[in-house]
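**Student:** Have a look at the structure that comes next, please.
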Amino acid sequence: MEEQLPAAIKRVWLLSALISGVIGIGVTGGLWLAHQWFNWWPWLVWAGLGLTILDVVVELGLIPYRYRFWRYQITTDAVYIKRGVIFQREIAIPISRIQNVTLSAGPLLQLKALKAVAVETAASSYDIEGVTPAVADRLRHQIIALAKEARDAQ
Amino acid sequence: MHNKHLSWVALGTFWYATLQWLFWLILGAVWLMARINVSDLVAKLIIGIIIAIMLVAPIVTYSCFTYSVDENGVTIREGLFVRKVTEIPYERLQTVQHQQWFFLKPFHLEQLTLETAGKSDAEGHLPAVPVRVGQLIEHYRTAARTAQPQPAVSASVDGVTSQAQPATTRATAVTTPTDLADVERQYQLNWHDLNVYALSSLGIVPIVVALWWLYDKAQQLMPEAMLADIGARISAIAGLVLIAIAGLIIVLSFLVSYLNIVQKYYHFTLTKRGQTLTMTHGYFQRNEVTAPLKRLQAVVFKQNVIRQWLKLSTVQALAASQAGQANVNHQLLLVPVLKTARAFAVTAPFIPWLPSQAPHLTMVPPRLRWYFVRNSLLVGAFGLGILAVPLFIWLPTKAWPLFAAVSVVVLLWAWLQGRYASRHSGAALLRDQHCLAVETASWFTRELVIVPRSKIQSLETSQTYWLKRRQSAHLIIDLRTGDDRKTVTVRYLDLATIRTIQAWYLPADAAE
């Protein structure tokens with residue numbers, strides 16, 4: 001019963017890659033103007049352009065893999081997260097160690113009506129990058145109820 | 001208890017603190033005056049202002065600083081322009097640290113540091129208060145922990161009306177300040193162990209400093225001696241004197257650092273009273289830290305290569321939060337040094353979940369050991385690559401032999417370190433104690449961490465695509481120390497070992 005992120009997350013990643021591309025082009029444009037007006041080195045423009053293209057290509061290229069390898073699962077005992085293509089990580093967080101569950105959504109996630117879930121322990125925080133609001137609320141209630149149960153049982 | 005000022009001795013502490021930040025101001029003023037021509041009057045004015053600050057600031061800090069202790073908690077008020085009130089309820093108190101410099105002893109004063117579980121500066125620091133205040137806090141705290149409201153103690157720290165417990169223990173205060181619970185178990189560092197600890201902790205730093213000094217002096221003296229055309233004999237004598245002085249300095253710095261460690265850990269005592277551990281040590285400054293047992297997150301047995309060779313270990317604890325300076329790298333020192341063979345037997349009685357024998361670890365299998373060496377060599381090579389750039393730019397003529405020499409040393413070091421780490425990485429389950437034991441090594445120091453299952457915040461594995469095919473992964477354990485996280489990573493463990501640990505950590509989901 002491992003769950004995959006909603007397919008809409010791919011569009012969010014796509015948009016985010018394009019936005020970082022736009023920002024990169026903006027910076028490159030700035031460098032070009034600086035070259036025209038203040039005689040900055042011309043290779044800075046090429047470096048800016050190259051890095052921007054590289055960043056966008058890598059981000060876009062990784063989307064299908066990122067989507068395919070991203071899995072989460074919530075059982076009665078724990079939250080599991082699996083992610084990564086080349087560096088594969090498996091995280092197990094027992095519900096009884098969870099201190100907080102935070103739901104949040106930036107503009108891109110809101111556009112696709114998704115929410116990011118942050119699961120916090122006393123030591124660190126783990127993110128489930130995007131789920132539908134219904135799933136998010138279910139997760140939150142489930143985790144909080146289970147955490148309360150686990151804590152009461154102690 | 002009403003708001004009280006600190007003892008007047010605290011003025012000294014505040015004065016010292018003022019001097020510390022004034023130092024830079026004075027330095028800046030001197031620098032400025034040396035640069036810019038200021039008139040005599042202005043110079044005098046500046047000096048006058050600095051002296052005035054020096055005299056007035058500590059008094060102002062002192063008079064604005066008050067504290068009160070009652071059955072609910074400790075309240076500290078401080079600040080002239082920005083009034084700051086810190087409330088510390090006893091339930092929130094994590095560790096209490098008592099520090100007593102020898103000159104505070106005759107006045108029955110001590111320095112208290114109260115630390116809470118809070119994230120930010122919820123820490124209380126009382127530079128000089130009567131010993132009774134510390135006892136009173138410990139008393140209320142124990143009362144709050146046992147959750148049975150103690151009979152109201154007429155605890156006036158003015159000492160006029162106090163007849164109840166904190167005051168009556170006053171006579172023995174300096175040696176046994178904590179009340180209520182009896183001493184269940186105690187371990188005191190013996191003289192021999194302290195001696196070995198001090199000798200094996202001697203830093204290389206003083207030696208390097210001394211050698212540097214020698215080199216510096218030699219450079220200064222040599223040409224002078226030649227220029228003055230003093231005979232070879234005299235310069236030989238001068239050289240001898242120089243060597244003697246350098247030797248003396250080395251011996252002295254050894255002695256000073258040795259004596260410093262001895263005085264610092266003098267009479268190191270670990271005591272268990274009820275559900276708390278207390279560590280006391282120090283000759284010139286008596287240091288006492290009390291921590292509740294349930295706050296301990298893990299116990300670490302640590303040894304560097306020299307101590308390993310001497311068969312000695314240091315035992316530390318990770319606590320959810322600790323106070324003050326007694327901690328080295330956020331760790332609470334349980335026993336500075338003891339024989340490795342006895343380490344578990346000695347410490348186990350103090351901590352309920354600690355095994356009484358060293359665990360038998362499943363080490364990184366030999367087929368995976370070379371990864372450690374490879375990684376270490378790669379890091380070394382990377383460092384050499386960075387070094388090579390400036391070397392070949394600025395010293396093109398001498399670069400090759402120099403680079404070759406450095407490379408040999410660095411790569412040899414890296415190889416040895418990788419080899420060391422590969423042989424000191426492993427894990428074991430202690431099912432009876434519900435604990436996990438993991439060993440890791442870095443910089444020729446190995447750490448054996450024992451952590452109860454309930455204190456592992458999360459368990460993570462990480463593997464690269466290639467490592468997956470070799471049936472291996474890294475195990476990452478997330479722990480809480482202080483206000484922060486600490487991760488322990490055991491690299492290149494056998495996958496079967498990791499699966500067993502995962503199944504033990506979350507048994508209900510193990511079948512999947």
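Just so you know, glycine gets a Cβ as well, placed from its N, Cα and C.
Annotated transmembrane segment per TrEMBL: B:12-33, B:45-67, B:194-214, B:234-259, B:371-393, B:399-416, in sequence order. The domain 'YdbS-like PH' feature in TrEMBL is assigned to B:62-132, B:265-333, B:442-505.
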**Student:** Below 8 Å between Cβ atoms, which of the listed ranges B:12-33, B:234-259, B:371-393 makes the most pairs with the transmembrane segment (B:399-416)?
**Tutor:** B:371-393
**Student:** Six or more residues beyond either end and a Cβ under 8 Å away: which residues meet both conditions relative to the transmembrane segment (B:371-393)?
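**Tutor:** For the transmembrane segment (B:371-393), the far contacts come to 364, 399, 402-403, 406-407, 410-411, 413-415, 417-419, 421-422, 425, 491-492.
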**Student:** Summarise the domain 'YdbS-like PH' (B:442-505) as counts of helix, strand and coil residues per DSSP.
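**Tutor:** Each residue of the domain 'YdbS-like PH' (B:442-505) counted once, the result is 19 helix, 37 strand, 8 coil.
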**Student:** Provide the three-state DSSP residue tally for the domain 'YdbS-like PH' (B:265-333): helix first, then strand, then coil.
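**Tutor:** With helix first, then strand, then coil, the domain 'YdbS-like PH' (B:265-333) has 8 helix, 41 strand, 20 coil.
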**Student:** What are the DSSP helix, strand and coil residue counts for the domain 'YdbS-like PH' (B:62-132)?
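**Tutor:** Helix, strand, coil within the domain 'YdbS-like PH' (B:62-132): 14 helix, 40 strand, 17 coil.
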